[in-house]
Amino acid sequence: MRFINSYARLPETFFERIAPEPVAAPALIRLNRPLAARLELDPPDDDAALAGIFTGNRLLPGSEPIAQAYAGHQFGQFVPQLGDGRAHLLGEVENAAGERFDIQLKGSGRTRFSRGGDGRAPLGPVIREYVVSEAMHALGVPTTRALAMAATGQPVFREDELPGAVITRVASGFVRVGTFEYFAARRMEDELRTLADHVIERNHPAAREADNPYRALFESVCAAQAGLMARWLCLGFVHGVMNTDNTSVSGETIDYGPCAFLDHYDPAMVFSSIDPMGRYAFNQQPTIMAWNLACLGGCLLPLLDPDETTARAAGEAVLERFIPDFTERYREGLCRKIGLPGDDESFSLARRLLDLMRRSRADFTNAFRALCDAQAAPAPFTIQFATAEKIATWLNDWLALLDRTGSAATARETMRAANPAFIPRNHRIEAAIQAAMAGDFAPADRLIEVLARPFDDQPEHAELAEPPRPEERVTRTFCGT
Ligand code: AMP
Ligand code: MG
């Protein structure tokens, strides 16, 4: 592995140099071989060696482990110091194609930023993050990825005693909005500029050529996040803890805690046990992202212009475009889900469908998937709805618009590429976690394999596409920290 470690070259105020804390009995649970190949790692065929590497017991040559400093707004409250309290950035590697990846262990022990925490992660949340982040990738959503998971052989103590594990995550960078807030709160302007330069170099290289590179950086982050929010909303994904420290400036989905996918369509859905007010409800996510980006904009002010009024006007002008930009991408995405071009008429037809889905509590994923074939076979689609008459009218309007826009012939293929057959359903993840805690990793492995091809029918795994029975429904998810 060729380590570059550009973050470890930044000033010492950016991180703590610290090695992972060794664990008692490392055991490899899973290595993501396709991802390892993309990183051009050449993993040994020796599970004991791999277990050592992916728990942090064994450091690879060239790795310079650090815990990154960051701050963040948690549920709207500013916390001046958070940081990697249980994660270690092992370093940054580059493949022959010039793609750069940060590799990080999570659950790998205490750091200066642990604030009384034990630095560890229970097996359950590690499995959830592995399954969901890899599914998100296969669904075409920018995200951190999961390279490996390994058991520590050590218990972690939460409400119960739980098995401990470490997940190895890969990202195009782990800088968060909260990283900028860390330096802005301390009025460390040189460090802010250094951080911005680093993020431009790593994640937003086109900004370097702009008249005002920092303004272009802000625009580029906002654009990436607008696209990300559109994808989340088109797939029914609820992040659950969109704090600014869990918002990546690369535009990748990061920090899978109490995340969940909608089963039935309820736009106000909240799953997270720590979000009783519904701040991070499904349909609040774009607005919350705008709020988080406003925090980023505030941090960047001194870089945007030496004159504060001018800087503020520049920042606000960028921010003002976020919701329209999101709406544009959401319109395109939603119209693709019904096989139509992204014009106003198609968009309003798509939103009428969402409204019918809400009233019927129709399964979000299965209703859209059944619509793919509804020109030839409408019944599997219409039975998803309680209001037979209304959905019949909608279907007629849809067929008419397909004809009028000349989309009828291409709609099925367009829709099958936008409407997955499989999503990581909460009850399936829960069952896979329960099995894994009892020592059986087969259900988790099966989920991971099926979700690697979410747009393929895979009839032999049809039951993984079924919504939960009432007694299986997961209505609360937990951070599991
Ligand atoms: P999260 O809610 O997972 O985004 O984490 C918020 C903050 O708490 C971050 O600074 C984490 O590093 C820290 N944290 C979460 N769990 C632990 C833990 N078990 N030990 C130490 N720090 C933790
Ligand atoms: Mg976090």
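A Cβ is built for glycine as well, from the same backbone N, Cα and C atoms used for every other residue.
Over in TrEMBL, the protein carries these features:
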- D245: active site, proton acceptor (ACT_SITE)
- G83, G85, R86, K106, D118, G119, R169, R176, D255: ATP binding site (BINDING)
- N246, D255: Mg(2+) binding site (BINDING)
- 459-475: compositional bias 'Basic and acidic residues' (COMPBIAS)
- 459-481: region 'Disordered' (REGION)
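Feature annotations (TrEMBL) mapped to structure.
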{"residue": "G83", "record": "ATP binding site", "CB count, 10 Å": "22"}
{"residue": "R86", "record": "ATP binding site", "CB count, 10 Å": "23"}
{"residue": "D118", "record": "ATP binding site", "CB count, 10 Å": "18"}
{"residue": "R169", "record": "ATP binding site", "CB count, 10 Å": "25"}
{"residue": "D245", "record": "active site, proton acceptor", "CB count, 10 Å": "24"}
{"residue": "N246", "record": "Mg(2+) binding site", "CB count, 10 Å": "22"}
{"residue": "D255", "record": "ATP binding site", "CB count, 10 Å": "23"}
Residues among the binding-site residues D118, R169, N246 that border ligand 1 - Cβ under 6 angstroms, in sequence order
D118, N246
Out of G83, R86, D118, D245, N246, D255, which recorded positions lie by ligand 2, with a C-beta less than 6 Å from some atom of it?
D245, N246, D255
Site extent for ATP, whole Å (max Cα pair distance, G83, G85, R86, K106, D118, G119, R169, R176, D255)
22
Look up D118 (ATP binding site) in the DSSP assignment and report helix, strand or coil.
coil
For D255 (ATP binding site), which of the three DSSP-derived states applies: helix, strand, or coil?
coil
Which residues of the same chain, at least 6 past either end of the compositional bias 'Basic and acidic residues' (459-475), have a Cβ under 8 Å from a Cβ in it?
260, 263-264, 271, 363, 365-366, 369, 421-422, 425-428, 430, 446-447, 450
Whole-number Å value for how far the residue listed as 'active site, proton acceptor' lies from D118 (ATP binding site) (Cα to Cα)
19
Between the Cα atoms of the residue listed as 'active site, proton acceptor' and D255 (ATP binding site), find the distance and write it as a whole number of Å.
9
The correct DSSP tally for the region 'Disordered' (459-481) reads 10 helix, 1 strand, 12 coil
Roughly how many Å separate the Cα of N246 (Mg(2+) binding site) from that of D255 (ATP binding site), to the nearest whole number?
6
When DSSP is mapped onto helix/strand/coil, what comes out for R169 (ATP binding site)?
strand
